[in-house]
Amino acid sequence: MGEHRLAEDSSINGGAPKLENIHKVSLIPLVFLIFYEVSGGPFGIEDSVQAAGPLLAILGFLVFPFVWSIPEALITAEMGTMFPENGGYVVWVSSALGPFWGFQQGWMKWLSGVIDNALYPVLFLDYLKSGVPALGGGLPRVFAVLILTIALTYLNYRGLAIVGWMAVFLGLFSIAPFVLMGLVAIPKLRPARWLVVNWRSVDWNLYLNTLFWNLNYWDSISTLAGEVDNPKKTLPKALFYALILVVVGYLYPLLAGTGAIPLDRESWTDGYFSDVAKILAGVWLRWWVQGASALSNMGMFITEMSSDSYQLLGMAERGMLPEFFGKRSRYGTPLVGILFSASGVLLLSWMTFQEIVAAENFLYCFGMILEFVAFIKLRLSYPNAPRPYKIPLGTVGCILMIIPPTVLICVVLAFATFKVMTVSIFAMLVGFILQPCLKQAEKRRLWKFHTNSNLPEFREAEHDISTIESLIG
């Protein structure tokens, strides 16, 4: 009984302060929050066909989950249940490698998330511009981005429970037209079309970035762990169900679209699924797909902003950011974090789709390297720490598991353009300067920093468990 009570009370179990007005997120909304953190539906996968043709696109979405998505989801399940608090991967890295690298992880992942969030107004307008040409550029597009950002930011302000159940509604509405499109496509399918490939014309940079962008960010949900109802059990289940939903949600429409209509690779760019719907069933299905895209982008925006803003709140609770980042609104949401994340989206919304994907992938890769190192170090240094969910591979098996995704990270980085590499490295260097500056501000009392006393220290928990084990043994 003593060991069990210690695991319950002293494992990394603090999270945000238990505010009575905060409704915890349950399993079903959490599944759809993860779905929108990672995917949101097949919108944006069209570039994989343009880059490499049907065969490689289909194989990519079959094989890539085993190389990247499953390992990342498993690590998120283990570490997220070990540290069920807001801040997620920032706390993992800080506990394993120290506060400096924890801050760098937070900076790179937050910036990557904000860059990623700048995509969704772009995708939203790309799907609508065929029906409303004025949204293709100029002042109408600028005002549309501004209005959309303000409206969705307000939803985040109103509470994570609202965001979660809205994600459920938006997810079901976004998936529905593709289910119908697949059924309509069955009589027209020609399996030989799935096998088309031209190795000499493959754009590997666009292909890999498209796959990587559409199948990563499984760890983003960890920054909301402090808001989840019973995260030690709920988080692993939600990750499993979301993984199935994401992979099927990509392959089903991809098989329908490439198998039912003649291939025109140049047409396969973001927004093309609405044209596929029109070819297969008529204008009515095209409008449904466009509407689903609009709602899907709303879902991805609000969930990504939730992740980014709660990450800042978690960092403030750990004393990495000034105390005002930990301020909650009357709805329990991280007010300052939301405002910062929304401002970043507006500043980055001028970038093109391909530039945004490449830039956020570059920063995300460096953040994932830190996560992998932290994961293995915690396994080696603290093997007896409470892990409500533990990957059943052993430490050696876990090291072997992360070798393929690490190789993939190196490949993605190698294919980055000089412009993307320069901007991304500059952004990383800003983090190296920013952390010491914040420490100086704390030392000189320019800003108030505070560590939440409800968050137990990982090493203390590990030390207590080791002491009890030695006494019992």
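From the backbone N, Cα and C atoms, a Cβ is placed for every residue, glycine too.
Among the ranges 198-216, 331-349, the stretch that TrEMBL annotates as transmembrane segment is 331-349. Looking at 87-104, 285-302, the range tied to transmembrane segment in TrEMBL is 87-104. Sequence-distant neighbours of the transmembrane segment (361-380) (same chain, 6+ residues past either end, Cβ-Cβ under 8 Å): 72, 75, 78-79, 82, 89, 92-93, 95-97, 101, 104-105, 108-109, 111-112, 115, 209, 212-213, 216-217, 219, 395, 398-399, 402, 405-406, 409, 412-413, 416, 420-421, 424, 427-428.
By the Cβ criterion (under 8 Å, sequence separation of 6 or more), the transmembrane segment (140-157) is not in contact with the transmembrane segment (51-75), since fewer than 3 such pairs are found.
For the transmembrane segment (420-438), the residues of the chain that approach it from at least six positions outside its boundaries are 100, 103-104, 107-108, 111, 320-322, 355, 358-359, 362-363, 366, 447, judged by C-beta separation under 8 angstroms. Against the transmembrane segment (163-186), the recorded stretches 27-45, 51-75, 239-263, 392-414 differ in Cβ pairs under 8 Å, and the greatest number is found for 27-45. Segment contact is absent for the transmembrane segment (27-45) and the transmembrane segment (392-414), given fewer than three CB pairs below 8 angstroms at sequence separation of 6 or more. Just going by CB pairs under 8 A, the stretch in 51-75, 87-104, 239-263, 331-349 that sits most against the transmembrane segment (392-414) is 51-75.
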